[in-house]
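Student: Feature table excerpt (TrEMBL):
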| type | residues | note |
| --- | --- | --- |
| DOMAIN | 3-147 | domain 'Aspartate/ornithine carbamoyltransferase carbamoyl-P binding' |
| BINDING | Arg107, His134, Pro135, Cys136, Gln137, Cys269, Leu270, Arg297 | carbamoyl phosphate binding site |
| DOMAIN | 153-307 | domain 'Aspartate/ornithine carbamoyltransferase Asp/Orn-binding' |
| BINDING | Asn165, Asp229, Ser233, Met234 | L-ornithine binding site |
Amino acid sequence: MQQHFLSVADLTRAEAEALLERAASLKAEWRAGGTGLHAQWPLRGKTLALVFEKPSLRTRVAFEAGMTQLGGNGSYLSANDIDMGGRESVPDVARNLSRWVQAIAARVFKHGTVETLARHANIPIINALSDREHPCQALADCLTLREQFGHLQGLRLAYMGDGNNVCHSLMLLGGILGVSVSVACPPDYRPDAEILAHAQHLAAASGATIQVTANPIEAARGANAIYTDVWTSMGQEHEAARRRPVFQPYQVNAALMAQADANVRFMHCLPVHREEEVTTEIIDGPQSVVFDQAENRLHVQKALILTLLGL
Ligand code: CP
Ligand code: NVA
């Protein structure tokens, strides 16, 4: 595996499969152990810095709890604490942290910031969400799909709404792992053209297809999972009112779910705006696996840290 994890496309198929396998065994071990701690505390004495420019529940707690459960420690640094790029330059943050801790998980506005951290750190940098990708989320989502269906190859996932960071990582990881992804989005909110082309290139090798349409019914037809995310991502709050009517036709509701396979699952990275991108009935109903996705953040992020640290 490469030194850093900035994009799911940093992984080969074998590496992605090995991470999911490792996450599944860490999950089984942790559940069987009952103490909350893994045997032998493999991260004893090790610290993960969490450099976060934006809020977080799942990513932060999954990293902090994961470090604790493996015998290590997480050190959370919000924008108020370090003001990356203001009080201290991004390269200097990377150089300083490299002297004290063993890895950095960074949640940033601009993807370029995680790339700058990676250029100047000599410890692994993990992208904990940027404007371009949310790779830890996509790993948890694929683990969830694997648990639900017993396999990934040949599954069909329909993504509804904004062609954003979450959508990008799903297209890329789907392409790597043989999961076909159909994105339905308003024409002005399509995923990045370069990332789409990259995902399609990866999919050609795995036997999957990655498509974008403006028609939600076309994307949903026969899908094994329907996935959506908020219509307004962090940092875009001023656009919320303008976006709402544009995205309304992409709401996941009972009528859209009925277009999918009879055994369809509903997925969302959370946090959710109930009655906007998805109806309460669907997200709180029996087809929803959103809290399995949330739990699986813990397991994939543990597998990721261990692997990046060569353990
Ligand atoms: N899904 C996700 O990344 O959640 P947080 O923003 O709460 O970390
Ligand atoms: N697309 C969302 C994901 C939040 C986990 C955002 O960037 O805000």
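The backbone N, Cα and C atoms fix where each Cβ goes, and this holds for glycine too.
Curation does not apply to TrEMBL; its annotations are automatic.
Provide an account of the burial state, proximal residues and distances for the features listed.
Tutor: DSSP assigns Gln137 (carbamoyl phosphate binding site) to a helical segment in the three-state reduction.
In the three-state DSSP reading, Asp229 (L-ornithine binding site) counts as coil. The Cβ of Asp229 (L-ornithine binding site) has Gly161, Asp162, Asn164, Val166, Cys167, His268, Cys269, Glu277 as same-chain neighbours under 8 Å, each 6 or more residues away in sequence.
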Student: If the criterion is a C-beta within less than 6 angstroms of any ligand 1 atom, which of the binding-site residues Pro135, Asp229, Met234 pass it? List them in sequence order.
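Tutor: Qualifying residues: none.
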Student: Tell me the Cβ neighbour count for Gln137 (carbamoyl phosphate binding site), meaning other Cβ atoms within 10 Å of its Cβ, over all protein chains shown.
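Tutor: 27, counting other Cβ atoms within 10 Å of Gln137 (carbamoyl phosphate binding site).
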Student: How big is the Cα-to-Cα gap, in Å, between Arg297 (carbamoyl phosphate binding site) and Ser233 (L-ornithine binding site)?
Tutor: 19
Student: For the L-ornithine site (Asn165, Asp229, Ser233, Met234), what does the 8 A shell look like? I mean other same-chain residues with CB within 8 A of the CB centroid.
Tutor: Leu129, His134, Asp162, Asn164, Val166, Val230, Gln236
